[in-house]
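Now, the feature entries from TrEMBL:
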COMPBIAS  1-17  compositional bias 'Polar residues'
COMPBIAS  44-55  compositional bias 'Low complexity'
COMPBIAS  95-119  compositional bias 'Low complexity'
COMPBIAS  120-133  compositional bias 'Polar residues'
COMPBIAS  140-150  compositional bias 'Pro residues'
COMPBIAS  203-214  compositional bias 'Low complexity'
DOMAIN    351-389  domain 'Zinc finger Sec23/Sec24-type'
DOMAIN    428-671  domain 'Sec23/Sec24 trunk'
DOMAIN    677-760  domain 'Sec23/Sec24 beta-sandwich'
DOMAIN    773-872  domain 'Sec23/Sec24 helical'
DOMAIN    891-965  domain 'Gelsolin-like'
REGION    1-256  region 'Disordered'
Amino acid sequence: MSQQGYVATPPYSQSQPGIGLSPPHYGHYGDPSHASSPQGMMKPAGPLGTAAPGMLLPPGPSPSVPHQFGQNGAHASGHPPQRFPGPPPVNNVASSYAPYQPSTQSSYPSPVSTSSVTQLGSQLSAMQINSYGSGMAPPNQGPPPRPPQPSILQPGSQVLPPPPTTLNGPGASSLLPPPTYRLDGHPGPAHPNAQYQPPPLPGQTLGTGYPPQQAASSGPQMAGAQLSYPGGFPGGPAQMAGPPPPQKKLDPDSIPSPIQVIENDRATRGGQVYATNIRGQIPPLVTTDYVIQDQGNASPRYIRCTTYCFPCTSDMAKQAQIPLAAVIKPFATIPSNETPLYLVNHGENGPVRCNRCKAYMCPFMQFIEGGRRYQCGFCSCVNDVPPFYFQHLDHIGRRLDHYEKPELSLGSYEYVATLDYCRNNKPPNPPAFIFMIDVSYSNIKNGLVKLICEELKTILEKLPKEEQEEMSAIRVGFITYNKVLHFFNVKSNLAQPQMMVVTDVGEVFVPLLDGFLVNYQESQSVIHNLLDQIPEMFADSNENETVFAPVIQAGMEALKAADCPGKLFIFHSSLPTAEAPGKLRNRDDKKLVNTDKEKILFQPQTNVYDSLAKDCVAHGCSVTLFLFPSQYVDMASLGLVPQLTGGTLYKYNNFQMHLDSQQFLNDLRNDIEKKIGFDAIMRVRTSTGFRATDFFGGILMNNTTDIEMAAIDCDKAVTVEFKHDDKLSEDTGALIQCAVLYTTISGQRRLRIHNLGLNCSSQLADLYKSCETDALINFFAKSAFKAVLHQPLKVIREILVNQTAHMLACYRKNCASPSAASQLILPDSMKVLPVYMNCLLKNCVLLSRPEISTDERAFQRQLVMSMGVADSQLFFYPQLLPIHTLDVKSTMLPAAVRCSESRLSEDGIFLLANGLNMFLWLGVSSPPELIQGIFNVPSFAHINTDMTLLPEVGSPHSQQLRMIMGIIQQKRPYSMKLTIVKQREQPEMVFRQFLVEDKGLYGGSSYVDFLCCVHKEICQLLN
């Protein structure tokens, strides 16, 4: 199996002065050894070679407007720009912020040093965006962009010259301004200090004079320095002295808006029934609510693809460089108005399977010879129909019982597995849950241990069970630990629980078998007795050292001894420094950031955890970890076992009982009640011509085909990449079958099957029409986050930019109707790929920020690896809702606005959510009646920003806001902690990092800048 991920081709082979990108690295994801161009490496197809230096620009309109400089004047004098229009004078804004130090160690020559004022960003000037070429107008065009309106210049806002008003071709909106100097080699008036430079290269954008849009910074920028991505990204050009001439503002509404795309899809497809009877259909977006009717292909809740039409040949795939991948969420939650999966039981015969490729009976099998044989849709092998399964065919060659058998008419269904599918050919025992509580001094002192014990009494009443069962079959056990382990005997016939201590943490053994794992109902009184005693038992303990690996080992050994799969719930809070296997030291080193050694921070410190994870998976032991760190705990090491065993990681920094207990308890309740399968093996089969080559998720692979998971729940997704090994045919399409063998919560062995048919085409345009941007970003995020372990972050970021440019250049070259080279043309299905890709590039995993800890970066990396498409979409592009415009009579969510500071208003209240965090941002002039209605206090000044739960006021606004927060929370795997943020107060800095369309405070381009960067790369490729 190739461990490589998606390969990207550098767009040009030589670094050009003044271009804000360092020389490209030939990069392979996930494999540090591929320094030279490896075999199978994708090279630019056709004439996408290097650009000849010094080529002149294509002819275009040449207004002789003198160039204007921006981003100087008031800002250069040391005042931070003002963030909102309003009465306060510029100099008192953000006075409470410490000025931040922009990173000056740019990894490529700053444009300031290589280009002078005359050498201006030429291509950007005439850049225009078409969301589709004239040959490909989409079925439902959105409203045409508004004509540019005169805008009042706000202090500090960043501006660009006005966009041209001509529309280029049908469906095209012109976006960026005309060239700012003539193309006959005579530049307009130059700055007095400028030296003459040769005309810029084709495709080059950000010259010095171009003020990109910039989020207001929190301190004066350093003159001449450039805030840059460490690793080749457009930062803001340096400021120059001199008064700013008036300029008209670039209308951000003229560049593709994620909100518009989401709203258009809801308007056209929301609330409808989506039947899955057509191969290669493109489903509604993950952000749209609709009802799915399974008619032969798996629901998009289970499988989403990066494109629903695969290219027929590998050459086409290399040319487009669009990853061919599926994001599979085999246990996805199905809403109550959709049919649950049918269970097929063939008794001792078991499922009918193809003799050659072992695919399971499904709608893609073709019955022949009067029903006595069938041809496999995956490998074309002709099989005999087993006698018990025989049925006659009707006049169109379909079995008479077609609609009575789920496996013939539906895309998803389950089989009862026979003993051949069980370990050691015997039926499995029902799974067990083991609760393991860190009783070190700090956890006892802050009340956490008592909180957990109290909550367990309630939660154990709600252990998951099959619908028809009266009580849960899951058995439970309890362990406490600090630097030794305490096992508890809670057998139902005991008057008091008994404690057994294991001090030899080097060789952990289970001191008791009978009485450790028990049925909760039978042992309820003993268990409650134990839970009351634990906080008292350790009340006087001063032990602060803990172990960690031996805790997991003990839980696994207990499950192994009981011969059952199960799940460990570990409640832990510190770096395990006690002498034991898996002991860790504090290795948090900020000096490694932005160096080639940064990857070490994401790797586990010792290989103990890796081999422990393998043992856990081999014995069906899944680990879910609740972490309560107050300092560095080495997330990269502690999180490894939960990640590889299909468990979940929860983290509560600086846990405070009165502020954080609700979030933790919600997570714990939710986790215990989740739909889950244990001891699972998943295999993805494909029809001939392509195969699954790479797998991303909370999984372990001991060979190239079997995806092993100790458990898999309703929130976990596995992303699978496919590669061609032959030609695909337009007639038969590309077929995928995902089969998951697992044990249910009641101990039954089952097979869950999902089938999906995709189209194939030899036309690139069909491939681009069928893409799904949300799934593409899920794939790119996972492949990049996997590569983080082996490659420098700078290389990974460059590969992502190069591949984005390559995908769009290929579309431009092969699918769009001819137009001026200065136009940026985006396929309709990828309109928002640049903005989402920029969000990924700015994520703290790929771009470090001073205020984000190493642990937080490792945590986010691990979370994203098992996210489904809906969760990754919200995570990278948060939802921002205006609350002050709420209609209290409506039950609908208010329409979201774009994640940019320009969308906030001083008299507004906004709610932002990304799946992990929730912020309520309050403008300084928020309406007092709203503040009274939501917080029950008279004014803005009276609001207590420490609260993490809104008070129950009972007013219409309060009820409405709480309902909205409930709706947003309801579908998400993590309970989002609420942070109240007041405009112009210190915590606003954290909130502003989530306004992803703006420029990052510590590097990271704005959306507009990134679009320029990508456009420049595309022009490079096309020349």
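Using N, Cα and C of the backbone, Cβ positions are placed for all residues, glycine too.
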Pairs of Cβ atoms less than 8 Å apart decide it: which stretch in 351-389, 428-671, 677-760 has the most with the domain 'Sec23/Sec24 helical' (773-872)?
428-671
If I take every residue in the domain 'Sec23/Sec24 helical' (773-872) and average their pLDDT values, what number comes out?
95
How does the domain 'Gelsolin-like' (891-965) divide up by DSSP, counting helix, then strand, then coil residues?
24 helix, 12 strand, 39 coil
Under DSSP, the domain 'Zinc finger Sec23/Sec24-type' (351-389) has how many residues in helix, strand and coil?
6 helix, 11 strand, 22 coil
Just to be sure I understand, if DSSP states are collapsed into helix, strand and coil, how many residues of the domain 'Sec23/Sec24 helical' (773-872) fall in each?
66 helix, 3 strand, 31 coil
Composition by DSSP (helix, strand, coil) of residues within the domain 'Sec23/Sec24 beta-sandwich' (677-760):
0 helix, 55 strand, 29 coil
